[in-house]
Structure formats: structure tokens, C-alpha cells
């Protein structure tokens, strides 16, 4: 029951990191959306490891296959199942750590939850689980842009360790981000980040940091006023990513230091007499509902738990032990690969709230179609 | 559809701030839990405004009535409906602001969502909506403590504006918090906070800040490994509160600056050979699942949007205007009253995940009962 | 969790038959639907007991109150809570039967489910629970007819015991039905039914029978192809009514005796070149999806379990006993009062599937609006 | 959203009849249940076509593959994805009928729902969709019998056309049923049924009929008192099967002719002082909740829509036409193959309600474990 997300655009993911396959089923995607294997593969390729020296060398191609819900490159309106088979299952890589509860990992809590030892390599707790999310997000994006072609979602690495980038969220583009091998569009900061990552890697250590994400041209009216506030569903979506530790909407943490007179975004009329705000400290949401301005968030990630240093822990037969992993395939810094994950979760939340608003307010669909 | 929370312990809230009544229906609470009007009223009294000079003077008693699901002071296992009637509906207080979209408020986004002007005084966007949540949380706490009497959830004001309290999360108690009229157990900081609030109030301005919350003696095994991670559901619950802008689990933001070797919590055995961690930077959760250590979170709140200073905005007939509210009942700082809201949302999340774990792992119930 | 119905038009009911109040919360009704207390009361008055000699004499007015979600006689798009207080709670009427498990009633199964003795008079198992459903259905009908004013749902008593009415489902009207005190529009059959009911009542016995229901002008495209077939959701809705024992869609049972060549409804074009079928043995649904023809169903009800004859049973302290109830307020035949319940459940299912189709097929809304 | 069933034991199915693959994801199955490919294959083999002269000759092996959620032949507690690839996709078989809306089929309603022509061969409306249900039911049965090994569910063909079998529901066994090539354990009736089927087949016609199903040793306490009554969820589950037209619980239709004094099942004590009923006209359920007696249902199926006789219909470009299908692979009578489908849906409903009762009544699990 914990493997489903969304009320109307509902995604179910399945698969263990060292099992047969991973994937998703998307139920609720409207018919008539252009869709094909290639489009989903492009999304998956962005999250794929082994792309450069900064990511884990688990060398899987992660080729996806659409099993259902698409015919002649168009969605049918029925469940879309997408499959990625595991190929590089070197469980032996994990033999030396299979007898212990690794600090920071979910081995112990998984054991306590299910009453069985976690399957090798992390099972559902592995970052490979996000394959299903990313595949589903490719569908979500295609659907949203069918109705709202101008919507875009762009994430980037904003900080790694203590190296802070300077990025203008109004002008940053997806190609700026992708031009950087660590997905930081501030070239100077990116260079410093890379050097920090190399240094950490050499020491067998790992780094955390922050990813920013902005969604542009989201229509006003998305989100619900109570539990399913847009920022609440975004928070859940982002905090469900492995290693996420903090979430902010708009100026977030910084706004907690401000006074109301400093923080409120005053309303104005633009040239077409649409209501806008000039400042956007709220991050495009009031009372849980989008106001038409850019929505931006920050997500903090802890340093990856896998390090190649000696640590204290406990074995699965409850003995204290000191251990130092000597092998295993892990990023010293998860941030660059988390960028497409953040975007993916954002698309999933938008697609769901778009469908919800269409079903609730029967004038909304015509309004957004008229704006095209 | 946006007014429900929880998978198995499901809460529905209803009610507009200036309508007939507010309340909730709790569906899924097991039978046999001791419950009465008085117990719920005690919870509601903690969130009630008008208690001292630091809170809004809207003087409502907010008396609740249990409509169903309880007989002879015990839950029946059927839906528990709880009602609070609105008494102090001075809509005239809002006449001067009823023609404009107030900056920072949900007036404009509500209008865009529903296609109708927001009802007076905020409707569902008002903080009065939280009455239903708090009433439901009284039921949630009673249920959880029936199974796990040692579980406790304690929140407090940790910062207001720039005034930071020093509070030890291991020793803080509910009575420490309640002893402070602004619910900050650090007496010196509390005094400074009060002086800041008075100063802001005198200037017609408002303040934000941070609330911390710790949950103790939560059994390991609560939470799901993918979308419904315990921290993800906590993030959603907290970010669904009015004015919440940021969320952190454990060391959260701070941990994003650390290296893996600094951040991992090593496992040890305690005297009874239970697995514990000595440090607790993760905040009691790995991979979305509780590990038995204290769970702690931080929630940042923006300054209240209602200020008594001149602001630019737009009228409901789309004309730019400057306005200065001259009346209305609002806290200059929402933090003290948000403390019981944070606790309430925490109890709701725990109750839901406790039921989920009981249904999934059929050995879990006997295990926690044996630990009593 | 078992007190909710609907995916997008979601109804939660609450309340015990001898508790403080009963009611419902409707979450998901779009904004802008004309709604008032009077409209709901009219619905509730049709299900009210004590209206003539054929119904139980429990003399409650069942006055409803709208608590939320409606302002100035229009829905806001927020949850609509509706309350009916219990007034005539003569629990003493039930004293003589409170110590036994009544045959045919839910006393024993409720005890086994919840581990506590059932509350007096039936609790959630009482037919009074349907108050919440009927109130919600008033909202559902108003919403559906806002979009589709020509849709109508008409139910009637088709058989009581062995007395079968002859009713033409194409010409029957709501006023035909309401003109009959037992809601059977075939006057001759109605007279015979009344005489059967009086006879059963005099003998302290009870009768079952069948209700038919037809829904006209339902647009094609409602329903889902797999689990949530329109007839499957109708079946669930109807079989969730107290005493319902059988369900048929279209020719139902009769069609199981036919050959395919006798049963298939051939397609034709009408004068406007719309696709129709001339026969309608399928009852307006193929593959779970409406085809635009009238949808009709039959629901069989067992005879009411409360009879005033000696019966064997077991006491709540597990002793065999013979008993004969001497008092209590119960219909000898539930059918006439079940007519508005059947209609209510039908409206709830239509409202939900209408919203679902609007959210799935983005051309559907414009299509049905163009047909007006 | 219409492809999911169950609240806690949640099944999602996917796949078109002529697409790449069909399958399911089961979310909510507890960990520790013995499970393997072979066990699921055995279930699937029972629904497989082409087994004898009475079923369609579409010769697919329908080999399943477990993709996730199972390790070392034990469930992990995570989503179990099961895949069956389509092999025998002779779409050309359907060329002659691909341009028309076939009477009785979902071609037309699918077109109206999704706004696109139905995919060849039925898409989601095909009986091949039930592959996912049957695979999921294999998991459901294994889970239920882990807790309640004595529970059994047995369905059989009770009537075909006008040929009625005589079967004693107390003594019938699964092997009795499987011994008959048309799954009717009454040998004489079976012979007559086979002759009827051959006759219909020779005429290019089809037959309907009735399937009975009994579930034994279901513990009391399963089901919910309001919308999710056990018989309501069974009705939905069964009416969601292709061609199902009627549903009865217990004596169902027959009980609508009885008087209360004839229909009530009196309670008695058995030798171990457990409460039982001797008659069981209610079919083991009162007020939506199981009472421990056998639960039995009847499901009526219409004759299959595919016949090889001339019929009137309309083409997809809206012209009236007469057509006679000359090829295609279809059963003249779906009943024998629907037997495992009925059992499958029953297992899914039991598994879900078992989990729900475990989560609601915290004494229930210990009670049923003590009864072993």
C-alpha cells in the first residue's frame, strides 16, 4: 500500500534492486497522449548511473519496455505498465556487508518492519526503486504538456557540501543544467563541487547538498486548501526520495526570519490585466493553491550512507562489530543523479493536481485551453 | 477529495471559518478505546485563540460534541464524528477587506480554484479549519497510547524571528512547554520572544519562526519504504498546516553540510541487547521506517500574512489599490498556537502508520504488546 | 474505512441509530451547484418512516442541517457536511431484545467483528444509517442535473412476496410512483400488495420483494472497463443496502437462459444518426460502460428480520432461548421505503462516474455540454 | 483508476488482449507467505483457454513470471508484480470485424469512453484481462491459507441454458469440479450441458448460465457494516467479471418470496458452544459481516456475445450494416472457464477483508490463531 502515489494520476511502482525487474503502472493517464518507448527511455537515461566519474559504476542500460496502455504511440486511457529488467545483479558485491546492519541504510529498519532480513543490496530501499518513478514521470510530463505545452520543470544542483552555486531561477534552462556533468549550471561552483566530490571519493567519504527546482507556467488553481495543499503534496513527493532530509517551498527557511511586511508578495496587474506578484517569496502558492507564478522548492539531501571508512555497527545476529566496506558501487554524492528524480516527482504531482482540478472545477479545462 | 488524511486511520475535516460549524469524521479507529467529550475538549482548548495577549482575541469557546462512534465512553469501531459550532462569526469585521485579494492570503487562489469569490474570512483556508484536525488527533493519541502508553509527542516554539531557544529534546516535557505562555520552554528565550512579538504587534507587523517536535518511544517498523516513508507522510502532514514553509527530519538542513562519516549514526547494543544508535542525526528514521530512536522534526512558519500596514494589492474587480486593514482579529505570531497543531498532525501520522504496520506484519502486534 | 463510497464524489456517513446524530460528509462536489436545506429535506422526507400504516411508526422528523460547504445556496466546492439529530431514541423499546442475538439481524456478527456487544437498536446496522446516504444523494442529483438536466432516476416496488406488478420502464414517472402509498405504480398490483402486507402484519410476519430502477438519458462513456464497471459499482451500491439479497442488470437472470442470438442488442442509427439499440436486454451497459440507452436494475430484498413470532436464538451470555418480541417499531415490509434508497445509491454512483469520466476524457465535458 | 481492487490487499491489473503483455501488481500482501512461479502458474492454467473442445482454441500457454516481491520462494511484503506475455496475437483474425461495432461487445462504449477506436480484439474489455486477477488471486489464497488453512472456496457450473445441476454445497469438493471437463460436478447434468453446448456451437450460437460458489470456514467478523458489506464487495467483484449479469447472496432471489418467519436463520449452540445456524438462507452474512457459516453466492452470465450468425450493427464510420463473423476464437459458453474466475474474485475479497479486520480489531488475529 505504500507503493502508490497520486489520487487521479496514480502511480504504482514495484521491484527490488536485485530482483528480476523494476517498473511501474500508471493508472489514470487520459487517452490520446503521444507516448513511446523512446520518450520514456530518454527520461530513464538521465537517471542512469555510470555516466561519468561522479556516479556509481553499476553499468546497467536500464532499457524500458512499455507493456500496456499504449498503441500506435498514443495512450489508450488504460493502465500503462513499464518494465526495466535488472541486468547487473552482482549480489556477490554485497557479500561482505550482507551480514551486518549498515549504518544509515534501511537494513535494520527493513528487518524490523517485515520480520525478515532485507534482501541483498537494499531491496525496495535502493535508489534503483526510482526507476519506476522516472518512467511514470515521463508519462506525466507528456500528459501535462499536451494540455499545457508551456509548463516546464527545471531542477539543478544548488549546493554540494559547502559549495553554493548562484543560479537565477528565472533564466535557468534545462540545457544549462544538462551541459554540466554534475548538473550545476553555475560553472565556477560546478568546478569547485567536482573537486569536492573527488576529494571525498578519494577519502572514501560522501557529501550531501541541496537541489533547487522551479516549475514555470503552472496555471493558478492547482492544489487543495486543506491536507492536499500543493506544497504538502510536493513535500511528500520530495521527502519520499532516498536521502532527502529537508524541504522548503519558496523562500522557505529564509522567510521564517522575516516580518510579514517584508514577506508578503503584493499583487499587481500586468499589461494584460492578469494578477501577478512582483516578488515571489511564497514560491507561487497561497493557501495550498497555485497562483500562476513560478513554483520553486529546495530539497536537502544527506551525504550518502555508503562510505569506505571504518564504522561501528551490529551484525544480523546481534553482535557489535567494526567494519570497513572494501567494494560496492556507490556515488560519493547522490545530488547530480537526484536532479531528474526531483523533476520527476514534480511532474507526478502536477499531473495529479491538474486532473483533480479538471474534475472539480468544470470551467477550468476550457480556461486553460483558451489560454493556449 | 483534498479534505482527507490517512490510509487506515482516516480523517475527514469539514467546515468554513464563518459557516455553521467545523468538525471531523474519524473512520478506522479500532473499538475499545476510552474516549469522551472532555478528552477531546482538552485538546481543542490548547489550540483555542484568545488565551492571552499573544493570540488573536476571537473569543470562541469551541465546545465540541461527539456525534457518533462512541458509547459509554468507549469507541465502537465505527466513524467518530465530532462537531464544533462557530459562534463568533462577526463577518462585519471583514467588510473592509472583503473586496480585495489580501496579499499572502488564499483569497485570490481560492477564487481561481473554485471560480467563485472566497467566502468571508478565509473559508477552508482559515486556521479555524484545524479544529477538525485537533479533535481527530485527540482520538489518534488515545488510540496509540492504548497500545503504546509510553509514546509521547512534544512540540515547542524553537525560534521566533531571530530569537533562538535552547531546548534539550531528550529532557523536554509537555509541562515545560505548557508552563510558557508562548510555549517556549527556554525561559530566557521566551522572554525575548515575547518582547519581539509585542514590538511587532505595536508596529502592526507579524513574525515567523520554527517549531520543533519530538516523538519518543515510537516502535521500530513504522513507515513504508517508498512513497509513504514516515518522514514523507510527516512532511505532508506538517506542510499542510497554514503558513508552514519548511520541513526537516532529524538534523535535516544541517546534515546536508556534513560528510557521510560525520552524519551516519552507528549502531550499538544497549544493556538489553536492543539495537540503538547513540547519535541520532537521522531523527529516528532510515529508509522511511522508524528505528526506535526519538523522531524529531522542525517546521518553519512564515510570518502571518495579516498585517496592519499599508500594502499594494488588487480588488476583486481587478483594480490596483493600496489598503491598510484597520480591524480584524489576528495573531502577530502564529507559532505558539501552532504547537498543538504540530503535535496533532504527528499523532495522526503515527496512528495511521501503526494500523498499517499491524495489518502488514502479523507478528508486530504481539511484539509491541509483549514489550509492555 | 468501510463508511466511505466513491472515488471522486466521495461520501462518508456516520452515526448510530440510537446515538446523538447521523449524517454525512460529501467531499468532491464541484462548486456552483444550487443547494439548500430544503432540497435535502425533500429527499430525506421520502425515506422517513411513520408516513402511513405500511411503515414503522418511529415518529422522527429527521430534520437536516447543512453544516458546511454551502454558502448563499450554492456549493463552494468544499466538503458538505449534513447532520440529522436522533430525537426518538426510546432505547427502552429494545430492552427485551437487548440480551439476545436476534435472528437475521447483525447483533451477533457485530459482536464478533468489534468484540463488544452491539449498541442498542442496531447501531450502524440500522436502516437509520441510510439517512446519510440519502442526504448525500440529494447533493449528487443536484450536481448531475446541473450538467445533465435530462437525467432521471426512477425506482418502484415491482414485487412484494408473490404479487408482481406490471410497469413499463419507458413510461413510468416519479409522480406515478409517489402517487402510490407503497410506491408501486401498478394500481391493481399495489392494492394486492397492501392486502398482503396487512395480512403479514396481522400475523406478526414480514415480506420481501423486488425493486426496479431505471436511469434515463445517462450519457454513453460512464464506467470503467475492469473492476469499476458501471454495473459492478451499481451492484456494490445496491447490495450495501440493508436486506438486499440479489442484483440484476438489464435482463439479468432472464438473459442467462437465452442464446446469444436472442440476447444481443443490435445497433442501429436513429434519425440524428446516433447509435442506439432497439432492444435493451443489456440494460444500457456493455463492458462496464454506459451506451446511452436506459440503465435498469432489479434489487431483491429479503423479508425484514424483525417478526413478532416465537423464534429460537442464543443470548449474549451464550444460552439457547426461545423468544417472541412484543414491541418494537418495524415495517412488515421494507420495500416501499427502500425505493428512495435505491434511487439515492444510483445517483451517488452516477455522480462519481460522471466526475471520473470528466477527469479521464478531456473531450467528454464539452461533448455533453454541446448536447444540451 | 478503474483497474484497482481492494483497500489493503490491493490489486492493480494491466494489459490489453492484443498488446505486449498482461499482468498485475499486488500491494499489501504480508511478508512470509510461501510463493513461487509454479503456484501462480497452476492458478493460471485453470483459466487457460484451449483445454478442450468446449473452450476457445486460442492456444496460449500464458506462462507467468514473478518480477518482484518474492525472494527465495517467500513474499517480502513489497509489491508483487506478475507478468504474462501475449504470444498468440493474430490480430488478422479480427480484421473482418475491426471496422464494426460488434453487438453485445464493448467496442462502441469503449469508443465513446476514450474517444478512440477500441484496440483490436477487445483491449481491456477482453476476457484476457482476467489473467491479472487470477495471478493475484493465487497470492491471495496463499496468504489467507497461511492464517486460515481450513478456508476453502469452491465454484462450479450450476446451470447452462436450461440445464440445471443438482449439487450439494456442503459436500462438493474442488476435485469433484475439476473431474468434469465443463466443471459441473453433477455428471448427468454435465452430460446434458455438453450436448447443449455442442448444439449451440454447431449453430454458431452461444449459451449463458449460472455459477455457484461456496466459501467454507470463513471466520466470523469479516465485512463492514455500511458500504463495504461483505456481500456488497462480493457483488462488485463478481459483477466486474465479463458477461456477469446477476448476483445473489445466500438464498438471494428465492428469499424475496419468503416470509420473515420462513427466512430467518435461528441461532443455536453447537457441541463446543459456538453459535451456529442450522439453516443458512442468509449465506453466512448478517448486516454485511460474516457469521462463520458457509458463504455462498450465485452469479448469472449472459450468453457470449460472439456468435457466428448474421446480425445488424453499425460500422465505425456510422453506417448500418449486416455482418456474419466467419472466424475468430471464442467459447460458445464461457461458464466452465469462468469457474476459476469466480473463485479468484472470492479469494481477493476475503484477503482484503481479512487484512481490514486484523487492522481494526486488535484481538481478532490472536483469536483466529488460537483456533488453529
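Just so it is clear, glycine is given a Cβ too, placed from its N, Cα and C backbone atoms.
These come from TrEMBL:
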type: BINDING; residues: B:47; note: NADP(+) binding site
type: BINDING; residues: B:124, B:125, B:126, B:287, B:302, B:303, B:304, B:305, B:306, B:329; note: FMN binding site
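On the structure: features taken from TrEMBL.
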residue : record               : DSSP (3 states)
B:47    : NADP(+) binding site : helix
B:124   : FMN binding site     : helix
B:302   : FMN binding site     : coil
Rounded inter-Cα distance in Å - residue B:306 (FMN binding site), residue B:47 (NADP(+) binding site):
19
Least Cβ-crowded entry, counting other Cβ within 10 Å, from the binding-site residues listed as B:47, B:302:
B:47
Fill in the CA-CA distance, residue B:302 (FMN binding site) to residue B:47 (NADP(+) binding site), as an integer in Å.
19
For residue B:124 (FMN binding site), the number of neighbouring Cβ atoms whose distance to its own Cβ is within 10 Å equals 31
Checking B:47, B:124, B:126, B:302, B:304 - which of these binding-site residues have a CB within less than 8 A of a chain A CB?
B:124, B:302, B:304
As a whole number of Å, the Cα atom of residue B:124 (FMN binding site) is distant from the Cα atom of the residue listed as 'NADP(+) binding site' by 17
So what sits near residue B:304 (FMN binding site) in its own chain, CB-to-CB under 8 Å and at least six residues off in sequence?
B:206, B:207, B:208, B:243, B:330, B:331, B:332, B:333, B:334
Including all protein chains displayed, how many Cβ atoms other than that of residue B:126 (FMN binding site) lie within 10 Å of its Cβ?
23
Cα separation, residue B:126 (FMN binding site) to residue B:47 (NADP(+) binding site) (Å, whole number):
14
So residue B:306 (FMN binding site), by the Cβ count within 10 Å over all chains shown, scores 23
Sites among the binding-site residues B:124, B:126, B:304, B:306 close to chain C [C-beta, under 8 Å]:
B:124
